[in-house]
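Asker: Have a look at the structure that comes next, please.
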Amino acid sequence: MKSREKEQPGVLRDQAGKGGGPGPALGRAPSCPHLLPDQGPLTMDKGEEDDDEEAWLQLRPVEPLPSQCCGSGCSPCVFDLYQRDLASWEAARASKDRSLLSGEETQSCPSKLSPETFLAFCISATDRLTKDTYLVRFALPGNSRLGLRPGQHLILRYTQCYQTGLMSQYVESWKAGDTAFWRGPFGGFFYKPNQYGELLMLAAGTGLAPMVPILQSITDNAEDETFITLVGCFKTFEGIYLKTFLREQARFWNVRTFFVLSQENSLEQLPWSYRDKTHFGRLGQDLIEELVGSCRRKPFALVCGSAEFTKDVAGYLLSAGLAEDSYFLF
(Lines of atoms letter the chains of each structure in order from A and count residues from 1; the text may use other names and numbers.)
(Lines give C-alpha, C1' and ligand atoms only; values in the text may rest on other atoms or scores of the structure.)
Protein backbone atom coordinates (compact mmCIF):
# COMPACT_ATOMS: atom_id res chain seq x y z
CA MET A 1 0.00 0.00 0.00
CA LYS A 2 1.21 3.51 -0.70
CA SER A 3 2.47 5.34 2.34
CA ARG A 4 0.22 8.00 3.79
CA GLU A 5 1.39 11.38 4.96
CA LYS A 6 -0.39 13.98 6.98
CA GLU A 7 -2.39 16.14 4.64
CA GLN A 8 -0.48 19.29 3.76
CA PRO A 9 -2.76 22.27 3.14
CA GLY A 10 -2.26 23.80 -0.27
CA VAL A 11 -3.40 27.07 -1.72
CA LEU A 12 -5.75 26.79 -4.65
CA ARG A 13 -4.73 29.29 -7.22
CA ASP A 14 -7.92 28.93 -8.12
CA GLN A 15 -19.28 2.23 -24.97
CA ALA A 16 -18.07 -0.94 -25.52
CA GLY A 17 -18.14 -3.97 -27.51
CA LYS A 18 -19.34 -7.41 -26.74
CA GLY A 19 -17.73 -8.93 -23.65
CA GLY A 20 -15.15 -11.38 -24.85
CA GLY A 21 -15.16 -10.39 -28.49
CA PRO A 22 -16.32 -12.67 -31.27
CA GLY A 23 -16.10 -16.30 -30.37
CA PRO A 24 -15.05 -19.17 -32.60
CA ALA A 25 -17.16 -19.81 -35.68
CA LEU A 26 -19.90 -22.37 -35.32
CA GLY A 27 -20.26 -25.30 -37.65
CA ARG A 28 -17.46 -26.93 -39.62
CA ALA A 29 -14.11 -25.20 -39.41
CA PRO A 30 -12.54 -24.18 -42.72
CA SER A 31 -10.06 -26.67 -44.11
CA CYS A 32 -6.44 -25.67 -44.20
CA PRO A 33 -5.26 -24.45 -47.61
CA HIS A 34 -2.75 -26.78 -49.22
CA LEU A 35 0.31 -26.21 -51.36
CA LEU A 36 -0.19 -27.42 -54.91
CA PRO A 37 2.79 -29.01 -56.68
CA ASP A 38 5.02 -26.57 -58.54
CA GLN A 39 2.74 -23.59 -57.82
CA GLY A 40 4.13 -22.12 -54.60
CA PRO A 41 1.27 -19.87 -53.38
CA LEU A 42 -1.43 -21.22 -51.12
CA THR A 43 -4.81 -21.81 -52.76
CA MET A 44 -8.19 -23.23 -51.75
CA ASP A 45 -10.54 -25.34 -53.78
CA LYS A 46 -14.25 -24.56 -54.18
CA GLY A 47 -15.30 -26.61 -51.17
CA GLU A 48 -12.78 -24.89 -48.92
CA GLU A 49 -13.94 -21.47 -50.12
CA ASP A 50 -17.53 -22.42 -49.26
CA ASP A 51 -16.42 -23.49 -45.79
CA ASP A 52 -14.58 -20.21 -45.30
CA GLU A 53 -17.62 -18.23 -46.42
CA GLU A 54 -19.79 -20.19 -43.99
CA ALA A 55 -17.36 -19.39 -41.18
CA TRP A 56 -17.54 -15.66 -41.98
CA LEU A 57 -21.33 -15.75 -42.00
CA GLN A 58 -21.28 -17.36 -38.57
CA LEU A 59 -19.24 -14.38 -37.32
CA ARG A 60 -21.68 -11.82 -38.71
CA PRO A 61 -23.29 -9.73 -35.90
CA VAL A 62 -26.91 -10.59 -35.14
CA GLU A 63 -29.34 -7.73 -35.70
CA PRO A 64 -31.24 -6.82 -32.49
CA LEU A 65 -34.95 -7.40 -32.23
CA PRO A 66 -37.17 -4.30 -32.10
CA SER A 67 -38.13 -5.34 -28.56
CA GLN A 68 -34.50 -4.92 -27.47
CA CYS A 69 -34.70 -1.16 -28.04
CA CYS A 70 -36.18 0.64 -25.04
CA GLY A 71 -37.24 3.64 -27.16
CA SER A 72 -35.77 6.13 -24.68
CA GLY A 73 -33.21 7.65 -27.04
CA CYS A 74 -30.20 5.92 -25.46
CA SER A 75 -26.80 6.78 -26.85
CA PRO A 76 -25.51 4.42 -28.01
CA CYS A 77 -28.67 2.54 -28.95
CA VAL A 78 -28.53 -1.23 -29.45
CA PHE A 79 -28.97 -0.57 -33.17
CA ASP A 80 -26.00 1.84 -33.13
CA LEU A 81 -23.88 -0.95 -31.66
CA TYR A 82 -25.14 -3.36 -34.30
CA GLN A 83 -24.23 -0.99 -37.14
CA ARG A 84 -20.77 -0.47 -35.63
CA ASP A 85 -20.14 -4.20 -35.26
CA LEU A 86 -21.50 -4.86 -38.74
CA ALA A 87 -19.12 -2.29 -40.27
CA SER A 88 -16.19 -3.94 -38.46
CA TRP A 89 -17.28 -7.35 -39.69
CA GLU A 90 -17.61 -6.17 -43.29
CA ALA A 91 -14.14 -4.58 -43.20
CA ALA A 92 -12.59 -7.72 -41.71
CA ARG A 93 -14.35 -9.94 -44.26
CA ALA A 94 -13.25 -7.77 -47.20
CA SER A 95 -9.62 -7.99 -46.09
CA LYS A 96 -9.96 -11.63 -44.96
CA ASP A 97 -8.41 -10.66 -41.64
CA ARG A 98 -10.30 -11.94 -38.61
CA SER A 99 -7.92 -10.19 -36.24
CA LEU A 100 -9.79 -6.97 -37.11
CA LEU A 101 -12.78 -8.34 -35.23
CA SER A 102 -10.95 -8.16 -31.91
CA GLY A 103 -9.39 -5.16 -30.31
CA GLU A 104 -8.61 -3.50 -27.01
CA GLU A 105 -12.20 -3.64 -25.85
CA THR A 106 -12.17 -7.42 -25.91
CA GLN A 107 -9.34 -7.50 -23.42
CA SER A 108 -11.43 -6.14 -20.56
CA CYS A 109 -12.18 -8.38 -17.64
CA PRO A 110 -15.18 -10.73 -17.90
CA SER A 111 -18.42 -8.85 -17.29
CA LYS A 112 -21.92 -9.75 -16.17
CA LEU A 113 -23.05 -6.81 -18.30
CA SER A 114 -24.16 -6.67 -21.91
CA PRO A 115 -23.94 -3.60 -24.17
CA GLU A 116 -27.00 -4.76 -26.13
CA THR A 117 -29.35 -6.04 -23.44
CA PHE A 118 -30.62 -4.47 -20.23
CA LEU A 119 -29.92 -6.71 -17.25
CA ALA A 120 -31.66 -6.58 -13.88
CA PHE A 121 -29.73 -5.69 -10.73
CA CYS A 122 -31.27 -5.61 -7.26
CA ILE A 123 -30.68 -2.56 -5.07
CA SER A 124 -29.05 -3.64 -1.79
CA ALA A 125 -28.78 -0.22 -0.10
CA THR A 126 -29.30 3.49 -0.64
CA ASP A 127 -27.53 6.26 1.26
CA ARG A 128 -28.32 9.97 1.05
CA LEU A 129 -25.01 11.85 0.82
CA THR A 130 -26.32 15.40 0.38
CA LYS A 131 -29.65 17.11 -0.20
CA ASP A 132 -29.69 15.99 -3.84
CA THR A 133 -27.09 13.18 -4.05
CA TYR A 134 -27.53 9.49 -3.29
CA LEU A 135 -25.15 6.54 -3.17
CA VAL A 136 -26.91 3.42 -4.44
CA ARG A 137 -25.44 -0.06 -4.08
CA PHE A 138 -26.44 -3.00 -6.27
CA ALA A 139 -26.03 -6.70 -5.57
CA LEU A 140 -24.20 -8.87 -8.10
CA PRO A 141 -25.55 -12.36 -8.82
CA GLY A 142 -23.56 -15.00 -7.01
CA ASN A 143 -20.98 -12.49 -5.76
CA SER A 144 -19.63 -12.27 -9.30
CA ARG A 145 -17.49 -9.43 -10.68
CA LEU A 146 -19.17 -6.64 -12.57
CA GLY A 147 -16.28 -6.13 -14.98
CA LEU A 148 -16.62 -2.35 -15.21
CA ARG A 149 -13.27 -0.68 -15.87
CA PRO A 150 -12.33 2.71 -14.35
CA GLY A 151 -13.63 5.44 -16.63
CA GLN A 152 -16.51 3.40 -18.08
CA HIS A 153 -20.21 4.00 -17.50
CA LEU A 154 -23.58 2.25 -17.85
CA ILE A 155 -26.95 3.20 -19.31
CA LEU A 156 -30.00 2.99 -17.04
CA ARG A 157 -33.45 2.11 -18.31
CA TYR A 158 -36.23 3.94 -16.53
CA THR A 159 -39.84 2.94 -16.89
CA GLN A 160 -41.70 5.80 -15.20
CA CYS A 161 -42.26 9.21 -16.76
CA TYR A 162 -42.99 12.29 -14.68
CA GLN A 163 -44.54 15.58 -15.70
CA THR A 164 -41.31 17.42 -14.96
CA GLY A 165 -39.35 14.93 -17.06
CA LEU A 166 -36.67 14.63 -14.40
CA MET A 167 -35.14 11.19 -14.18
CA SER A 168 -33.80 12.16 -10.75
CA GLN A 169 -37.32 11.74 -9.35
CA TYR A 170 -37.28 8.14 -10.50
CA VAL A 171 -33.90 7.50 -8.90
CA GLU A 172 -34.99 9.26 -5.69
CA SER A 173 -37.82 6.75 -5.32
CA TRP A 174 -35.43 3.78 -5.21
CA LYS A 175 -35.21 1.67 -2.07
CA ALA A 176 -33.52 -1.55 -1.04
CA GLY A 177 -35.12 -4.51 -2.79
CA ASP A 178 -36.07 -2.58 -5.93
CA THR A 179 -34.73 -3.62 -9.31
CA ALA A 180 -33.00 -1.41 -11.87
CA PHE A 181 -32.00 -2.36 -15.40
CA TRP A 182 -28.58 -1.51 -16.82
CA ARG A 183 -26.60 -2.20 -19.97
CA GLY A 184 -23.01 -1.49 -20.89
CA PRO A 185 -20.20 -0.90 -20.31
CA PHE A 186 -19.52 2.14 -22.48
CA GLY A 187 -16.87 4.83 -22.56
CA GLY A 188 -13.91 5.93 -24.62
CA PHE A 189 -11.41 6.47 -21.80
CA PHE A 190 -9.37 3.47 -20.64
CA TYR A 191 -6.88 4.16 -17.87
CA LYS A 192 -3.59 2.25 -17.70
CA PRO A 193 -1.27 2.50 -14.69
CA ASN A 194 1.52 5.06 -15.11
CA GLN A 195 0.14 6.05 -18.50
CA TYR A 196 0.31 9.75 -17.60
CA GLY A 197 2.65 11.73 -15.41
CA GLU A 198 -0.21 13.56 -13.74
CA LEU A 199 -3.99 13.50 -14.02
CA LEU A 200 -5.77 16.83 -13.62
CA MET A 201 -9.35 15.91 -12.70
CA LEU A 202 -11.87 18.73 -13.17
CA ALA A 203 -15.34 17.75 -11.98
CA ALA A 204 -18.58 19.64 -11.41
CA GLY A 205 -21.31 18.18 -9.19
CA THR A 206 -22.04 14.56 -10.04
CA GLY A 207 -19.22 14.80 -12.57
CA LEU A 208 -17.08 13.63 -9.67
CA ALA A 209 -18.52 10.11 -10.06
CA PRO A 210 -16.32 8.85 -12.94
CA MET A 211 -13.22 10.30 -11.26
CA VAL A 212 -13.68 8.22 -8.10
CA PRO A 213 -12.89 4.74 -9.53
CA ILE A 214 -9.93 6.10 -11.50
CA LEU A 215 -8.56 7.82 -8.41
CA GLN A 216 -9.05 4.74 -6.25
CA SER A 217 -7.50 2.40 -8.82
CA ILE A 218 -4.34 4.52 -8.67
CA THR A 219 -4.07 4.73 -4.88
CA ASP A 220 -4.88 1.01 -4.56
CA ASN A 221 -1.96 0.14 -6.85
CA ALA A 222 1.40 0.50 -5.11
CA GLU A 223 3.15 0.36 -8.50
CA ASP A 224 1.17 3.28 -9.96
CA GLU A 225 3.01 6.54 -9.25
CA THR A 226 0.74 8.87 -11.21
CA PHE A 227 0.25 12.28 -9.58
CA ILE A 228 -3.37 13.41 -9.18
CA THR A 229 -4.80 16.90 -8.81
CA LEU A 230 -8.55 16.70 -8.29
CA VAL A 231 -10.70 19.84 -8.41
CA GLY A 232 -14.34 19.49 -7.36
CA CYS A 233 -16.75 22.28 -8.28
CA PHE A 234 -19.88 22.62 -6.15
CA LYS A 235 -22.38 25.32 -5.20
CA THR A 236 -21.87 25.07 -1.44
CA PHE A 237 -19.67 23.28 1.07
CA GLU A 238 -22.64 21.19 2.17
CA GLY A 239 -23.06 20.07 -1.43
CA ILE A 240 -19.66 18.34 -1.49
CA TYR A 241 -20.27 14.61 -1.29
CA LEU A 242 -17.86 11.79 -0.39
CA LYS A 243 -15.96 14.17 1.90
CA THR A 244 -14.52 11.36 4.02
CA PHE A 245 -13.37 9.42 0.97
CA LEU A 246 -11.72 12.49 -0.59
CA ARG A 247 -10.03 13.38 2.69
CA GLU A 248 -8.58 9.88 2.96
CA GLN A 249 -7.39 9.95 -0.65
CA ALA A 250 -5.68 13.32 -0.14
CA ARG A 251 -3.40 11.71 2.48
CA PHE A 252 -1.59 9.78 -0.23
CA TRP A 253 1.70 11.36 -1.27
CA ASN A 254 0.63 11.73 -4.90
CA VAL A 255 -2.89 13.15 -4.44
CA ARG A 256 -4.05 16.77 -4.05
CA THR A 257 -7.69 17.86 -3.73
CA PHE A 258 -9.12 21.36 -4.21
CA PHE A 259 -12.62 22.77 -4.26
CA VAL A 260 -14.39 25.60 -6.08
CA LEU A 261 -17.60 26.84 -4.44
CA SER A 262 -19.84 29.16 -6.45
CA GLN A 263 -22.30 30.14 -3.71
CA GLU A 264 -20.01 30.55 -0.68
CA ASN A 265 -18.22 33.74 0.29
CA SER A 266 -16.72 33.28 3.75
CA LEU A 267 -13.70 31.14 4.62
CA GLU A 268 -14.58 31.45 8.30
CA GLN A 269 -17.63 29.27 7.72
CA LEU A 270 -15.48 26.40 6.42
CA PRO A 271 -13.54 23.84 8.49
CA TRP A 272 -9.86 24.70 8.85
CA SER A 273 -8.77 21.80 6.67
CA TYR A 274 -10.65 23.27 3.68
CA ARG A 275 -9.73 26.93 3.94
CA ASP A 276 -6.35 26.74 2.19
CA LYS A 277 -7.61 24.65 -0.70
CA THR A 278 -10.94 26.27 -1.52
CA HIS A 279 -11.68 29.01 -4.02
CA PHE A 280 -14.92 31.00 -4.17
CA GLY A 281 -16.50 31.72 -7.53
CA ARG A 282 -16.34 29.65 -10.69
CA LEU A 283 -13.70 27.65 -12.49
CA GLY A 284 -12.45 30.14 -15.08
CA GLN A 285 -9.49 30.76 -17.35
CA ASP A 286 -7.16 32.24 -14.72
CA LEU A 287 -7.81 29.41 -12.31
CA ILE A 288 -7.25 26.75 -14.99
CA GLU A 289 -3.92 28.32 -15.98
CA GLU A 290 -2.72 28.32 -12.36
CA LEU A 291 -3.83 24.73 -11.87
CA VAL A 292 -2.05 23.58 -15.02
CA GLY A 293 1.04 25.54 -14.04
CA SER A 294 1.07 24.01 -10.54
CA CYS A 295 1.03 20.42 -11.82
CA ARG A 296 4.18 18.55 -10.86
CA ARG A 297 4.36 16.71 -14.19
CA LYS A 298 2.88 17.23 -17.64
CA PRO A 299 -0.85 16.84 -17.01
CA PHE A 300 -3.56 14.96 -18.83
CA ALA A 301 -6.94 16.47 -17.93
CA LEU A 302 -10.19 14.62 -17.29
CA VAL A 303 -13.33 16.78 -17.41
CA CYS A 304 -16.86 15.85 -16.37
CA GLY A 305 -19.91 17.95 -15.57
CA SER A 306 -22.74 19.61 -17.41
CA ALA A 307 -22.49 20.13 -21.18
CA GLU A 308 -21.81 23.84 -20.59
CA PHE A 309 -19.13 23.10 -18.00
CA THR A 310 -17.23 20.62 -20.20
CA LYS A 311 -17.38 22.94 -23.21
CA ASP A 312 -16.09 25.93 -21.25
CA VAL A 313 -13.33 23.97 -19.51
CA ALA A 314 -12.15 22.47 -22.80
CA GLY A 315 -11.68 25.99 -24.14
CA TYR A 316 -9.81 27.06 -20.99
CA LEU A 317 -7.47 24.07 -21.26
CA LEU A 318 -6.65 24.86 -24.88
CA SER A 319 -5.92 28.49 -23.96
CA ALA A 320 -3.73 27.24 -21.11
CA GLY A 321 -1.52 25.41 -23.59
CA LEU A 322 -2.88 21.86 -23.53
CA ALA A 323 -3.34 20.14 -26.87
CA GLU A 324 -6.63 18.51 -27.83
CA ASP A 325 -5.09 15.09 -27.24
CA SER A 326 -4.13 16.11 -23.69
CA TYR A 327 -7.62 16.06 -22.22
CA PHE A 328 -10.70 13.85 -22.24
CA LEU A 329 -14.32 15.00 -21.87
CA PHE A 330 -16.69 12.50 -20.27
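Including glycine, each Cβ sits where the backbone N, Cα and C put it.
For 1-52, the entry in TrEMBL reads region 'Disordered'. The domain 'Oxidoreductase-like' feature in TrEMBL is assigned to 60-95. Residues annotated as FAD binding site in TrEMBL: Y158, M167, S168. Look at TrEMBL and you will find 201-313 tagged as domain 'Oxidoreductase FAD/NAD(P)-binding'.
Describe each of these features in terms of where it is and what it packs against.
Answerer: Using a 10 Å radius centred on the Cβ of S168 (FAD binding site) and all shown protein chains, the other Cβ atoms total 13. Look at S168 (FAD binding site): DSSP puts it in a helix.
Residue counts for the domain 'Oxidoreductase FAD/NAD(P)-binding' (201-313) under DSSP, split into helix (H, G, I), strand (E, B) and coil, are 44 helix, 29 strand, 40 coil.
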Asker: Taking only the residues in the domain 'Oxidoreductase-like' (60-95), give me the average pLDDT of this model.
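Answerer: Averaged over the domain 'Oxidoreductase-like' (60-95), per-residue pLDDT gives 68.
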